[in-house]
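Engineer: Quick one: structure below, then a few questions.
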Amino acid sequence: MPTLQLLLVKFGIRFVGVKLGILGLGTVGTGTVQLLQDNAGRHPLLRDVEIYRVGVRSLDKPRMVELPGAVLTTDLAAIVNDPQVDIVVEVIGGLEPARSLILKAIENGKHVVTANKAVISRFGDEIFTAANKAGVYVMLEAAVGGGIPVIQPLKQSLSVNRIHTVTGIVNGTTNYILTRMQTEGISFDDVLADAQKLGYAEADPTADVDGLDAADKIAILASLAFGGRIKLQDVYCEGIRQVSKTDIAYADKLGFVIKLLAIAKTVNLPPISPTLREATYASTPDHPISVRVHPTLVPKAHPLASINGVYNAILVEGEPIGQVMFFGPGAGAGATASAVSSDILNLVAALQTSTATPNPLLSCRHQDYCQITPLEELVTRFYTRFLTKDQPGVIGKLGTCFGKYSVSLESVVQTGFQGELAEIVVVTHDVREGDFRQALAEIRTLEAIDSIPSLLRVL
Ligand code: HSE
């Protein structure tokens, strides 16, 4: 904070004018400017915020907000280097130049607000190390769940709990697609094409439908919940392209809906003494966790089963709190602006009460990487659909093979045919993923098995 402001704070004089340098005036930037300009009825500290500079790609583009000509600039580097700027708000998205601009702002002693999950999940280590060294805060409420406040709750209110599971529907596009497949009985390709026409899905839907966006978000949530850094490459990621309307219909009959879940969960410890177990249980980077994104059969009675359309929800489970679920709009100008502005508000408050010691509830306290359990060690239930010859003994052979690898079956259903082939759907009890995959490899070699079109995990 500039010296004059520190002096004013020291003598109890409230200063006006925390200067923002906003990088980007797309959907989120525009929403944030609109919220800050229309500040009546919101927290009074927002009146102390001055939109000082806004960096854009083109000065000629028509805008939905009115800003004095001198505020807009195409020189983004000048914003992060301007000594007058107190807070840099990065809402340009993408990896570069976002990462470099954030790092430069930090180096210049500015606090940063970002909505950029891609940069944080990949370069969080570099960014937070630099921020801690410079004594500044990097705030990212808008990076996960759009308007849903989940980052600050994990950092503050919930951090007194031992968190053991974070389960989220954190991508609105895929939730919209799966909801329509479920309610209208239509295929992934048909819904995707329609969603693109309606503007619910991007022209290049890869980041959403292949689960990459959700993987960025669960890496961030896991890091906060389990108190360690996460390497994005350790997050198992499977999208929804292979989810078929046949599986959605079978899941429905069996009492499930299919959702793209992002899950971060402590892994069951082997049997050890209660004292040692207590000492190593959850919320320490020493405790192994699994972090993954995949389509999942969710029991219809589960709180996440009823989250439909573009909405997001994050269920946090811990001790002693039990279950807490956050629900709301995961994207959109107003929702994301709410999250960005809440970070700005926290920073204005921090600037106005600044001491030499950083507020530990706003800064990143992680030093070490979380220990991630390999997928084959995961213990979960599976749903599998087989196409087989319609002949005596096939179900028996499947059962024998599963039994050989300690895979216990919860249900076996044969209701349909595809041409000459019988369709058999199996749901297992909890099983080690490695054992299940070994059983499947052997089943694939059976003469009666035509193919295994689907393999999904069950919550
Ligand atoms: N593309 C994301 C979604 C929104 O579909 O939820 C931005 O994170």
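Don't overthink the numbers, they just go from 1 along the chain as shown.
Keep in mind that glycine also has a Cβ here, set from the backbone N, Cα and C atoms.
So TrEMBL lists these for the protein:
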BINDING   L23, G24, L25, G26, T27, V28, G29, T30  NADP(+) binding site
BINDING   K117  NADPH binding site
BINDING   E202  L-homoserine binding site
ACT_SITE  K217  active site, proton donor
DOMAIN    383-457  domain 'ACT'
Engineer: Please list, in sequence order, the residues in the chain of G29 (NADP(+) binding site) that are at least six apart in sequence and whose C-beta is under 8 Å away from its C-beta.
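Structural biologist: Within the chain, G29 (NADP(+) binding site) has Cβ neighbours under 8 Å at I22, L23, V54, V89, V91, I92.
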Engineer: Applying a 10 Å Cβ distance cut-off over all chains shown, what neighbour count does L25 (NADP(+) binding site) have?
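Structural biologist: So the number of other Cβ atoms within 10 Å of L25 (NADP(+) binding site) is 23.
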Engineer: Run through G24, L25, K117 for me and report the binding-site residues whose CA is within 10 Å of the CA of K217 (active site, proton donor), in sequence order.
Structural biologist: K117
Engineer: Quick check: which same-chain residues outside L23, G24, L25, G26, T27, V28, G29, T30 lie with their CB within 8 A of the centre of the NADP(+) site CB atoms?
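Structural biologist: Not counting the recorded site residues, we get I22, G31, T32, V91, I92.
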Engineer: Drop a 10 Å sphere on every Cβ of the recorded positions K117, K217 and tell me which sphere holds the fewest other Cβ atoms.
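Structural biologist: Relative to the other recorded positions in K117, K217, K117 has the fewest Cβ atoms within 10 Å.
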Engineer: Which state, by DSSP, holds G24 (NADP(+) binding site): helix, strand or coil?
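Structural biologist: Its secondary structure by DSSP: coil.
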Engineer: Quick one: Cα separation, T30 (NADP(+) binding site) versus the residue listed as 'NADPH binding site', in Å?
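Structural biologist: Cα to Cα, T30 (NADP(+) binding site) and the residue listed as 'NADPH binding site' are separated by 19 Å.
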Engineer: Return the count of C-beta atoms lying within 10 angstroms of the C-beta of T30 (NADP(+) binding site), excluding that atom itself.
Structural biologist: 19
Engineer: Need the DSSP three-state call for the residue listed as 'active site, proton donor' to compare against my parser.
Structural biologist: helix
Engineer: If you run through the domain 'ACT' (383-457) with DSSP, how many residues end up as helix, strand and coil?
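Structural biologist: Split by secondary structure, the domain 'ACT' (383-457) comes out as 23 helix, 35 strand, 17 coil.
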Engineer: So if I measure Cβ to Cβ from E202 (L-homoserine binding site) and keep only same-chain residues at least 6 apart in sequence, which ones fall under 8 Å?
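Structural biologist: T173, Q196, D208 - these are the non-local Cβ neighbours of E202 (L-homoserine binding site), listed in sequence order.
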Engineer: G24 (NADP(+) binding site) to the residue listed as 'NADPH binding site': how many Å between their Cα atoms?
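Structural biologist: Cα of G24 (NADP(+) binding site) to Cα of the residue listed as 'NADPH binding site' measures 16 Å after rounding.
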Engineer: State the Cα to Cα distance, in Å, between K117 (NADPH binding site) and T27 (NADP(+) binding site), rounded to an integer.
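Structural biologist: Cα of K117 (NADPH binding site) to Cα of T27 (NADP(+) binding site) measures 16 Å after rounding.
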